[in-house]
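Chemist: Here's the feature list from Swiss-Prot:
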{"type": "BINDING", "residues": "Asp6, Val7, Gly8, Asn9, Thr10, Asn11, Ile12, Val13, Thr132", "note": "ATP binding site"}
{"type": "BINDING", "residues": "Tyr100, Gly107, Ala108, Asp109, Arg110, Thr184", "note": "substrate binding site"}
{"type": "ACT_SITE", "residues": "Asp109", "note": "active site, proton acceptor"}
{"type": "BINDING", "residues": "Asp129", "note": "K(+) binding site"}
Amino acid sequence: MLLVIDVGNTNIVLGIYDGERLVRDWRVSTDKARTTDEYGILINELFRLAGLGLDQIRAVIISSVVPPLTGVLERLSLGYFGMRPLVVGPGIKTGMPIQYDNPREVGADRIVNAVAGYEKYRTSLIIVDFGTATTFDYVNRKGEYCGGAIAPGLVISTEALFQRASKLPRVDIIRPSAIIARNTVNSMQAGIYYGYVGLVDEIVTRMKAESKDAPRVIATGGLASLIAPESKTIEAVEEYLTLEGLRILYERNRE
């Protein structure tokens, strides 16, 4: 079986594939202070609770936007699974031309999503990934990664409001029932939620116009299912897009 690891700034998502089938997945908090052994103990316990053994893993692939943790997880793969992992980065075979001023600047997760999205839909795409930052990526009909936009994520935006405005509390991110709210908490939730829906739809609309195409719009990431119902532009939510992209990249780079 294949272990895929997606390291984000807020969460680490792990998945186990048996062939093309996702057998199990987990989401844990990203903690740059954790050691290799601490992550090893955590993963061992997750496997144990799922009735899986570390010896069932035959390969590991890692995508990371947190450089300090890349080495930690590489050592984990060597120490706990007895194998060197494939790490998404320069030199990896993606099968996708990257039309970026400096291809090395593109986050690994953005390329992984683009590969998975194009593999499934085989047409031009805008991929919206709701992570610590929200990314908007355009893939053209030829399967070329053309770039995109990056905006502050929902959680970052909400925390900034709490931290920088003395009288405003920390609030949960929810889909509110009304835009004209009658208390401070609900007013913040309405502004955050519907303001973010507007941000997403405006960026996507402008990207569509600039591309001079009619790309399909898909969303992924932890908060995609929260925003998508109110969005006028998001057509589908692909919950496991990044994990699926890692599986595809592993297959393309097998020796």
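Placement of Cβ uses the backbone N, Cα and C atoms for every residue, glycine included.
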Chemist: For Gly8 (ATP binding site), find which of the binding-site residues Arg110, Asp129, Thr184 come within 10 Å, Cα to Cα.
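Modeler: Matched binding-site residues: none.
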Chemist: For Ala108 (substrate binding site) and the residue listed as 'K(+) binding site', what Cα-Cα distance in Å is obtained after rounding to a whole number?
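Modeler: Counting only the Cα atoms, the answer is 13 Å.
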Chemist: Look up Gly107 (substrate binding site) in the DSSP assignment and report helix, strand or coil.
Modeler: coil
Chemist: Using a 10 Å cut-off between Cα atoms, which of these binding-site residues sit near Arg110 (substrate binding site): Asp6, Asp129, Thr132?
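Modeler: So the list reads Asp129.
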Chemist: Whose Cβ, among the binding-site residues Thr10, Thr132, has more other Cβ atoms within 10 Å than any of the rest?
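Modeler: Result of the Cβ crowding comparison: Thr132.
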Chemist: Please classify the secondary structure at Thr184 (substrate binding site) using three-state DSSP.
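Modeler: In three-state terms, Thr184 (substrate binding site) counts as helix.
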Chemist: Between Asp129 (K(+) binding site) and Asp6 (ATP binding site), what is the CA-CA distance rounded to a whole number of Å?
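Modeler: Here the two Cα atoms are 13 Å apart.
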Chemist: In whole Å, note down how far the CA of Asp6 (ATP binding site) lies from the CA of Asp109 (substrate binding site).
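Modeler: Between the alpha carbons of Asp109 (substrate binding site) and Asp6 (ATP binding site) there are 8 Å.
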Chemist: Counting only other Cβ atoms and using a 10 Å cut-off, which of the binding-site residues Gly8, Gly107 scores lowest?
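Modeler: Lowest Cβ count within 10 Å among the binding-site residues (Gly8, Gly107) is Gly107.
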Chemist: Centre the Cβ atoms of Asp6, Val7, Gly8, Asn9, Thr10, Asn11, Ile12, Val13, Thr132, go out 8 Å, and tell me which other residues of that chain have a Cβ in range of the ATP site.
Modeler: Thr30, Val65, Val66, Gly131
Chemist: Could you state, as a whole number of Å, the largest distance between Cα atoms of any two of Tyr100, Gly107, Ala108, Asp109, Arg110, Thr184, the listed substrate binders?
Modeler: 43
Chemist: Under a three-state reading of DSSP, tell me whether Thr132 (ATP binding site) is helix, strand or coil.
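Modeler: Assignment for Thr132 (ATP binding site) reads coil.
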